[in-house]
Amino acid sequence: MSPEPAEPPSPRETAAATTTAVTEEVVPLTPELLISQLLRGGVLLSLSLVTCGMVMTFFRHPDYFSSPDALQRLTSPDSAPHRLPDVFEGVMAVRGQSFVMAGLLVMITVPVLRVALSLGIFRAQKDRTFAAITTSVLALLLLAFLLGGVE
Amino acid sequence: MAAVLDATPFNFVAIVLCISFGAGLLGSLLGLGGGLILIPVLTLVLKVDIRYAVGASIVSVIATSSGAAAAYVRDGLANMRVAMFLEVATVAGAVTGAMLAGMVGGRALYFLFGAVMAYSALAMLRKLREDDRPRKEPPPDALADRLGLHGSYYDVSTGGEVAYRVHRPLVGLGLMYIAGTVSGLLGIGSGALKVPAMDLAMGLPIKVSTATSNFMIGVTAAASAGIYFARGDIDPFIAGPVCVGVTLGAFAGSRYLTKLKSGSLRMLFIAVLLWVSYEMLSKGIHG
């Protein structure tokens, strides 16, 4: 059996006692729920950024609707920003493709944040072994990002 | 790289969006990731370079996995301790895979993809025959006890809490390293490799294995996605519409359609998968 997290004395009941008129159930913030919310929020944020970026791109370049040549240029290997400062600069300049890229980067970061959040939870539960396991996963993830940059 | 058609950028994005939506929908119906369907279409039909197809797919894998995992975790179906323990191996594998992908040529990628696809199709065939076989209690395992990997879940069909025990965590760790490497190389979630590692090798119930695999896939994919990004293999012009399309498709599939149970339809899809894997294999062999 996995150990249950120490919960404060039934927040659900105290909440129900105080909020009689509110129909919405007040759910206690368990680690599971916290992680679930993080995943959902991150995916939604990322998708909105990507969608905005795509709309912006076509807004700024009306010729993308008519010119086939533009596609060759756009999909050539060096057209896309693939360094963090480049992406940031592009976002500041309100460039559509950089917004798309920023959205994709948010998506890539979501699982990393999930691991970081799990680390916090395991530490709060004083679970030494799993805090160590989670730290090594986090370290490997960071190593992956560093290794990619070196290449 | 070149897109086939003499399309305008707008048409290209529209086509990629539609195809990705279809891949996400089909993937969630079949219980496969979108990547397995998406990559062949992008490469074989739209003639996108396999590296960019892999880069786009890996980000969409994070999206669908995180979306599905949000629900599984809330319902307590995913075993987060088993997931975290095994992620050490999948992430290490993903780093290996993504590094290897930079070294091996496109043809080797096609070949490996074809092989993994054929394996996934055959795995589906096997699952078709022996669904819900009775399982016996696995022998006690000291390491699994020490790590507190055992768990329980609420079974909707019987309406009761089902407790389960885990064994052979180290075998699982080894298999997960392989699954992670394949995932990093090919830009797929490789759930077809992760689920049997938990279900058959470690003795987790199939429902928990599926949920936990989904939960882990995002972290595995993030590791390789970081490397692909830095290498410039994630092209926003392709990855953007793919990411949005696959996620919407998978969401629509899980929301409005129930999983395909019909045997004959599944057989048809398995036949299609085998045919596509043959195409990919021959592209790997003949170039």
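For all residues, glycine too, the Cβ spot is worked out from N, Cα and C.
Marked as transmembrane segment by TrEMBL: B:12-38 (among others).
Taken from TrEMBL, the feature transmembrane segment applies to B:50-73 (among others).
Within its own chain, the transmembrane segment (B:85-102) is flanked in space by residues 51, 54, 109, 147, 149, 169, 172-174, 176-186, 194, 197-198, 216, 219-221, 223-224, 227-228, 231, which lie at least six positions past its ends and keep a Cβ under 8 Å from the stretch. Look at TrEMBL and you will find B:85-102 (among others) tagged as transmembrane segment.
Under the heading transmembrane segment, TrEMBL lists B:108-125 (among others).
Annotated transmembrane segment per TrEMBL: B:170-193 (among others), in sequence order. Listed by sequence, the residues of this chain that lie at least six past the ends of the transmembrane segment (B:170-193) yet keep a Cβ under 8 A from its Cβ atoms are 32-33, 35-36, 39, 53-58, 61, 64-65, 85-86, 88-101, 104, 109, 112-113, 116, 119-120, 123-124, 143, 201-202, 210, 213-214, 217, 220-221, 223-224, 227-228.
Positions annotated as transmembrane segment by TrEMBL: B:213-230 (among others).
TrEMBL lists B:237-257 (among others) with the feature transmembrane segment. Within the chain carrying the transmembrane segment (B:237-257), a Cβ under 8 angstroms from the stretch's Cβ atoms is held by residues 9, 12-13, 16-29, 34, 38, 42, 48, 52-53, 55-57, 59-60, 63-64, 67-68, all 6 or more beyond its ends.
Under the heading transmembrane segment, TrEMBL lists B:263-281 (among others). Non-local neighbours of the transmembrane segment (B:263-281) in the same chain are 26, 30, 36, 40, 44, 110-111, 113-115, 117-118, 120-121, 124-125, 128; each lies 6+ residues outside the stretch with a CB under 8 Å from one of its CB atoms.
The transmembrane segment (B:213-230) shares the most Cβ pairs under 8 Å with B:50-73, out of the stretches B:12-38, B:50-73, B:108-125.
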